[in-house]
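A.B. asks: In case it helps, TrEMBL gives these features for our protein:
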- 354-364: compositional bias 'Pro residues' (COMPBIAS)
- 337-364: region 'Disordered' (REGION)
- 20-40: transmembrane segment (TRANSMEM)
- 60-78: transmembrane segment (TRANSMEM)
- 98-120: transmembrane segment (TRANSMEM)
Amino acid sequence: MAVLPIKFTKTKRDKLAQVLWVLNWISVVTGIILFSLGIFLKVEINKRQDLMAMSQLQSVPNMLIAVGLIACVINFLGGKICYDCVDTNKFLRWKLVMLPYIICTFFFTLSVLVGALMCYSMHGQLEEALTLGLRDAMRYYKDTDTPGRCFLKRTVDQLQIQFQCCGNEGYRDWFQIQWVSNRYLDMSQREVVDRLRSNVEGKYLMDGVPFSCCNVNSPRPCIQYQITNNSAHFNYDFHTEELNLWMKGCRQALRDYYTNIMHSVGLTVLIIWLFELSVLTGVRYLQTSLENVLRQGDPECESDGWLLENSFVETARSNFNIIKHLGKFNQINISSNGDPNIDKPPTAHYGPDNVPPKPLPMAS
């Protein structure tokens, strides 16, 4: 029994072909949108690639770019097919092409859905990339004279000012690393030397943060050094007073930023997938209804269109049997080709010279 059969008159088939022609051209536009979303996402990730560890984040924008380009090609061809299908005679030139086209479009539509799901499922990869990337960027913050790292101080400062954040998880992350280069430390001061000697790794650690962590909205001048020393500042208690620093960690700020982008892109791709699926359904109805017209031999007659000629179970069983028989056929061919003595006559061996013996004379 056919799945979701619908009867089509000649007028309905023509209208369906015309509507699908328009929808395929709209799908070309959606392909351009997918391509643009991929480019946008790639640019946003590359903007802050210095703050992210090497990961598979580029796989999502690369897939959207590829799917967008394929969508333009497939839907352009689909528009041409649907335009010719208004005339039953022109349909004959596409008759053998339409079923492979529908199968390819089905897998393409499936890839669009995969792209949408990837946008929603990359949260874990984003979290790991930001954690490791920000940790390394903060570690190399002081290396302003080292080639390949001299730009990281500016990058981190711009990040903390733009996103109003401080450190990886919070401002205390700066207490655990040396973020001031030794060239700017006065080794003649005993306090500096004692601080360096007190650390096992010889690092100059202090309870201070870079200037970019300062909250510009605070009425009090920024306290960025000796943050945990109450006696170093007048009328100050870091336990009770709200610090004039950005309290949110930069990992959370960037994670929220990219998560919002991913969810917006994922929702757009999901809507495009539903649209592509509806177009594919219409093309399938058009193809089956026109094939039934050819079977009846009357271009003006009514014809049935359907999604599947048999039920889902029967179609799946039939396809499985076809694949199974193809596998057996390949096994037979491989086994036949693997034995060089099959279907070959035996070779006679007459001796070292390979010369047949002379026949004995017959007695008279």
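From the backbone N, Cα and C atoms, a Cβ is placed for every residue, glycine too.
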A.B. asks: Using Cβ atoms and a strict cutoff of less than 8 Å, what residues sit near the transmembrane segment (98-120) while being 6 or more residues removed from its termini?
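C.D. replies: The answer is 34, 59-60, 63-64, 67, 70-71, 74, 77-78, 81, 262-263, 265-267, 269-270, 272-273, 276-277, 280, 283-284, 287.
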A.B. asks: Please indicate, using numbers and ranges, the residues of the same chain that are 6 or more beyond the transmembrane segment (60-78) and have a C-beta under 8 Å from a C-beta there.
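C.D. replies: Counting only partners 6 or more residues beyond its ends, the transmembrane segment (60-78) has Cβ contacts under 8 Å with 20, 24-25, 27-28, 30-39, 41-42, 45, 101, 104-105, 108, 111-112, 114-115, 118-119, 122, 262, 265, 269, 276, 279, 283.
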